[in-house]
Structures are given as structure tokens and as C-alpha cells.
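Participant: Attaching a single structure in C-alpha cells format; questions to follow.
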Amino acid sequence: MGDIIPNQLFVAGYSRSKVQDEKDVRDIFKKYGTIKEVAYKGSYSFVTFSSEQEAQEALKGMNGQAYNGQKLKVDVVDNRKGRKSGPNEEDKCFKCDKGGLVIVQLLNHLDVAEDDQIQDQSAVIEDLNQDHILLIHHPDLEEEDIKTKERDIAEALEEIKESEKEVLHQRDHLLIQVHPKDKIQTQNLDKEWEKKLILLQKKYKQLIEYNLFNSSHNIIIMKKRTLQELSKEQDQINSSYIEINTVQKELYLENQKRLKQKEQIVVIEDDEIKQQIQEKEVQLSFPIGTFCLNCLTQYPTDERQPHHLPFINILYENAFIDVKTQKPKKTLESALMTCFGFEDELLKPLVQSGVQLFIVNDNDNINKKLEIIEKYNNYPNWMVIKPSKLGSSMFGGAFHPKIWILKFPKFIRIVIGSQNLHVGDWTIWSQAMWIQDFKQGKSELDQTSQEFKTMLREFLYEILPTSHKFEDLLKINYDDYDFRDINIRLITSIPGRFVGNQLYKYGMMRLQSVLYQELCNNKMEIPKQVCVTYQTTSIGQLDNNYIDFALQCCTGRVYKQPLASEQNNKKLNQMILNQQEEEQSKLKLIYPTADYIENQTHGGVDFANPLYLKKQLYENPKFPKHLFYKYQGSDHYYWHTGNIPHLKVMIITGLDEDINDYTSIYIGSHNFSQGAWGKMEKNATQLYIANTELGVLYPPKKNSAQLKQQIIQQLSFKFPPLKYEKDDQPWINEAYYERLYKEYQQQNK
């Protein structure tokens, strides 16, 4: 009898299409210690660690865990489960779990096992020092399986016909693509045929071996046979040889036909063929940056628009598929997601499906130190990173960007918007996102695309610890992806104080710089006045100086700080304020009223926590209450009525609020606050930013009006907005609960 090998593990439960070689097995277990040897057996493997402790850690960490959508079975190798004797009456087949078995001695059992998943060590009778012995079901031992070989041969013949169709289709496709040099090249066609030939020959080899097994003296038949029955079986064997010869003849004739077609096929160059094949294989849902909203539960299924995306759909290659009815295969390999907050309930199904998940979340620790939580919630494929807030410039600022990088086999998907990772973010609160897919490949990038690629990499380096680069986490080479067709400009905010060349890199000054560049590049006049409509869910400290700063930047003009004498002239400031409605740039803040939240929304006050405005700030006599406009559902889609906003959208137009080429639209994580956009210091020579933020800007550009009009119609709120009426009050959480408490006290008097 064998022994237990404490430092060696038996691994099964996967298919060879998911775990293809020794390297794949090593990748699964390398984090648990030093691997001395991996014996890859196809549908199962043996992993030998340098110590028993390492093997035990790997056993605890991976047994029962999902890998590429398949649940792994891991166990300590127990050779006592093997045996040297023949099959017993109680034995069952590892494929069909039925009795009636034979032992087939093979040098390589993989041809028989094909891609069946072995789940248990006891299903494999094996001695590592001898030939492979596989327990399989002999077809002729069950009456209902007598015709298995006929069915296999019929399927093989059908495969030949399908192969012929594909070859002829490829030939026709190539015939119409005449290369200028008229080169005759059939290498790609030959390679494709060779692959098919190998698969077909493998099947025929199995058929031949099948008959050899029937006539072999090494087969121990477990059921009693009469001479008459054995004679009938021999006749069937002889008949099957004739059928196999027929199949081989068909193969020969098909190959001859293909060779004759070579001279007629005109093929374009290898690189061009490769590119066409890749483009055909990679079907991108978002080949160009697309504006999208999340799909709220209040939207009727038959009334949903294509740009309304549920959380789960964004995680599939085809984001527009009906996940419930079509049940697509999940190919997402890894995901990096940043947020201000997340819920386990939303993300657990993603982790349980085997996706490597990395969450970068706001640091809520008291000491504000960097925290990296590996194996979050005991999932080996889930890591949570909380960036440090120890720097004096960042302390107290929010880590607030929302970016996802989703790695699929042949492309990455980038999502930038307002979305956090709570269940409510995808069911109750309205979100806005920009999404684009980037396939593998390289092309010459224009200035906008190159800037996007560079800025995004720099931003990700800024927010992650140096020990955890995003390329290493996702296992990607960032430069392998093609970043062409960018239709937006990135707007980032990083905590700190910025001067000199850094002044125009972040926040509001970055916005001003982009607007100025785009207006100049498109030979468009820089406007003197603009109307800035800002839908925000959080409002911080506002004063006239900051509002003037924001409005100046939104024109694209270089910001000029008022002189000290002008700042101290209260009479002049009041005069400017009075004239603002008529001749100065305008700011409109879209923010829900208390009546809207309490009486008009589907979620009600219990789901109003994304909205933030301090009562003390609003009640200050100097607070600009005249800037407030109502948040209401869009007229373009009835079912937006009563949604609760979490979007952050800025629309920059002329004073007439017309949507045209001059219009700019921002979406992202920035609320209208000094912490998010930054404020000027030291006579406008220094910009101070407290938060980490990220968004995208559809800038002024010629021939862009139609795209922007479409985005405005797709928004979940009304534009242009209606001004607050005399009795309207903004939604303030603390004011609502203070009122409830007063009513409670009066009732109990």
C-alpha cells in the first residue's frame, strides 16, 4: 500500500481549457510557498511544496475556491487510495458514475479523458512510477451504448463537412482582397487546416484505439459473455474498421481539393491578415468613449434605453447582452476599482466567480496610515488598498475618484464616472459614466489620445502605493493596448499645493487650461461670459471670490485675481452681484429641494445620504442662495421621475444655454467644492487641492454639437433647470431630523 505524502497536493476540478499546462498550475499556488515540482496530468495535477506547512496553507487557501469560474478540489496526496489489483464489482466510472468497468492500460490516458473534469483523487488509480492507469467505462458493456462508435464516426464526418465550408469561406474572403503585389501566399490557410487536421486525426485515433481495446486480451470484461455475444461484437469491430477507412478516405479527398485551390487564392500580407483576424475576433462594446447611466430598478424592463447599464452587464465582454436569459460566459480576469465606499454584498459574486479584484477605497482609519488588506474576507483573490493620508496637504481630504480598469483576455475596459460600489449606487441613485474599450495592439496616437494614456498612467501611479503598481496587480503590459479614438480630456485632482508648471495640471486650473487649448486648436473665439450649470450632490464653503474664480476658469480665459482694493470694496462687490443676472457669467447649482426628496422620490429620505449640505453653511447670510436650481427628472425619459442623484455633471454654455460646438460637458467625481477643484493662494500663484478626484470633459470642438445634444437628452435630470421658488429649501439631512424631533416633542407635551 502507498503512503500519505504531506507536502504533495492533488489538484482537480478544472478543465484543460482553463488550466492548460504546468505554468498555469504554478501560477495558482506560487503565493503559498516554494514549489519543488508540478506534475501536470491534464484534468488533474500534483503539486509538491518544499514543506508540509506550505502545502497545508495552499490546501486551506484553495480547496473549494473558484478559479476561472471552476471550483477547485485540493487534497493531500494519499497513495493508499491507489491499488495494484484489477477492478472490483463496486467500481464506478469517473465519467458517468455507473458500474460495469474495465481497466485500460495506456501510455497517455488524456486522449480518452478529453476534457472531463476529475473531482476526486479516488477517481484516478495511479502509481506515479508506472504507466497511467485510467478507470473508464467500456461502451460495449452497456446495451444502450452499442452504437456509440457509429455516432462518433457520423459526428466526425459532419466535422469534415464543416471544415470544408470554413476553408471555402476563407478562400472566398481572400479572393476579393487582391494585394497590389499579387503575391500568392497560403501559409495562414495551411496552418488553419493543420489545426483542424490534428483535431480530426485525434478523433479517428480514438476510434481505432476503441476497436483495438475491444479485441485486446488485456481487457478484463466484468460481465459474462456467451460465445454468440462475443461473435456479434467481433462482427461489429470488423464493420467499424471499414467505416474508419471511409473516414480516412474522405480526409484524403478533402485535402487534395484544398491543395488544388491554392493556386487560385490571392492573399494579403501576414500582418494585415493578422490585424483583420484580431479585429474580427475582438467585438468591443465601447470602441469609442460612450456616455452611459446606470440602470435603476425603477426603469421598466421594456422601456430601458441602450445607455442604461446594470452593474453586472459592464463586467461582461458584451455589455449589452441580456444576462438573465442568455447567460453569457464570464471572461473577466481581473479588475481594479477605486471608490469612496463599497459593500461586500455587491462584490462577493464577482470574487466568487474567480476574478482577481483590487479595491482602492477612501482611508477611514484613525491614524490615516496606508493599509493593504490581502485576502479580504478570506478570499485569496480580493485585495483592499486604503491610500495613506499622512501628508499634511491631504489630511482630511477625501479619496473620491471612481475609475475601473477591467481586464478581459483581448482588451481592457476603462470606466470613469460618479459610481461607488454600494448596492444603492446601482439600484437607487442615478450615476453617469464614460466607458471605452481598448484592444491589444499599437497605432500612431494623436495628441489627445497620447495625453490620455500618459495622464491616466500618472494618475494611477499617484493613487497607488509604489509597492503595488496597477500593471502588476492586473497582470497587464499597459503599452500593449491601443489608446486611439479618445473623445474626451481627463480632469484630475491630486492633494497638494501646486505652483509653476504644476499650476495648470490639476483641478480647476486644469479645466481652464483644457478649455483654452481646445478653443485655440479649433480656432474658436474665447467667450467673455458663460453659463455654468452644475448638478452637484455635495456643496462646500462658497463665497463670491471662489465663484468668480470658477466662472473665469470656465470661460477658458487665464484667471486673474481681483486686486486687494477691489476685494475690500463691499459696495463694488454688491454691484457686481446685482449685475450678474444680466451681463456677467452665470452659475446655476442644481441640487434637490427638501420637498423633492421627501415627497417625490422613489427611495425617499432613507436613501438621501449621498446628498450633503451643512445647515450652518446654508443659513449663513453670505451664502449664495440665489444660485440654487431644482433637481427634477428629465423630460426626455419619463421613468427618470423621482430618481435620487449621485451624478456630478457640469454643463458650460453661452448665456442662452444653447447646446452647440462651444458647449463643454464634464462628468466624474468632482462635486462643486473647493476641496475637489482647489482654491487659489498667494495672489493666484499657488493652487491648493484637498481631495483626490477624477472626471472627463467633452470639450468645445467643431462638429461636436450633435454628440453633446445626445448626452443632454440622455441625462437623468432636467436641463435647463428651474430656479428655486420663494418657499423652496434645499435638502439638508440634519434639518430634516431636527424637524422630526421637534414634532415628536410637541406630540408628547
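Using the three backbone atoms N, Cα and C, a Cβ is placed for every residue, glycine included.
Not measured: the values here are computed from a predicted model.
Among the features that TrEMBL reports, active site, nucleophile is placed at HIS400. As annotated by TrEMBL, active site, proton donor/acceptor applies to HIS646. Annotated substrate binding site per TrEMBL: LYS402, LYS648, in sequence order. Among the features that TrEMBL reports, coiled coil is placed at 146-173. Annotation comment: TrEMBL describes 7-79 as domain 'RRM'. Marked as site 'Interaction with DNA' by TrEMBL: SER673.
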Participant: Over the coiled coil (146-173), what is the model's mean pLDDT?
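Facilitator: Reported value for the coiled coil (146-173) is a mean pLDDT of 58.
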Participant: Return the residues near HIS646 (active site, proton donor/acceptor) by Cβ distance under 8 Å, restricted to its own chain and a separation of at least 6 in sequence.
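Facilitator: Correct list: SER418, GLN419, ASN420, ASP425, TRP429, SER430, GLN431, THR537, PRO610.
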Participant: So how many other Cβ atoms are close to SER673 (site 'Interaction with DNA'), meaning within 10 Å of its Cβ?
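Facilitator: For SER673 (site 'Interaction with DNA'), the 10 Å Cβ neighbour count is 21.
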Participant: Calculate the distance in Å between the alpha carbons (Cα) of LYS648 (substrate binding site) and SER673 (site 'Interaction with DNA'), and round it to a whole number.
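Facilitator: Checking the Cα atoms of LYS648 (substrate binding site) and SER673 (site 'Interaction with DNA') gives a distance of 11 Å.
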Participant: If you draw a 10 Å sphere on the Cβ of LYS402 (substrate binding site), how many other Cβ atoms land inside?
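Facilitator: LYS402 (substrate binding site) is surrounded by 24 other Cβ atoms within 10 Å.
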Participant: For the residue listed as 'active site, nucleophile', write down the residues of its own chain that are at least 6 apart in sequence and whose Cβ falls under 8 Å from its Cβ; none is a fine answer.
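Facilitator: PHE340, ASP362, SER669, ALA676, ASN691, THR692, GLU693 - these are the non-local Cβ neighbours of the residue listed as 'active site, nucleophile', listed in sequence order.
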Participant: For the C-alpha pair, I'd like the distance in angstrom between SER673 (site 'Interaction with DNA') and LYS402 (substrate binding site), rounded off.
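Facilitator: Pair distance, Cα basis, whole Å: 17 Å.
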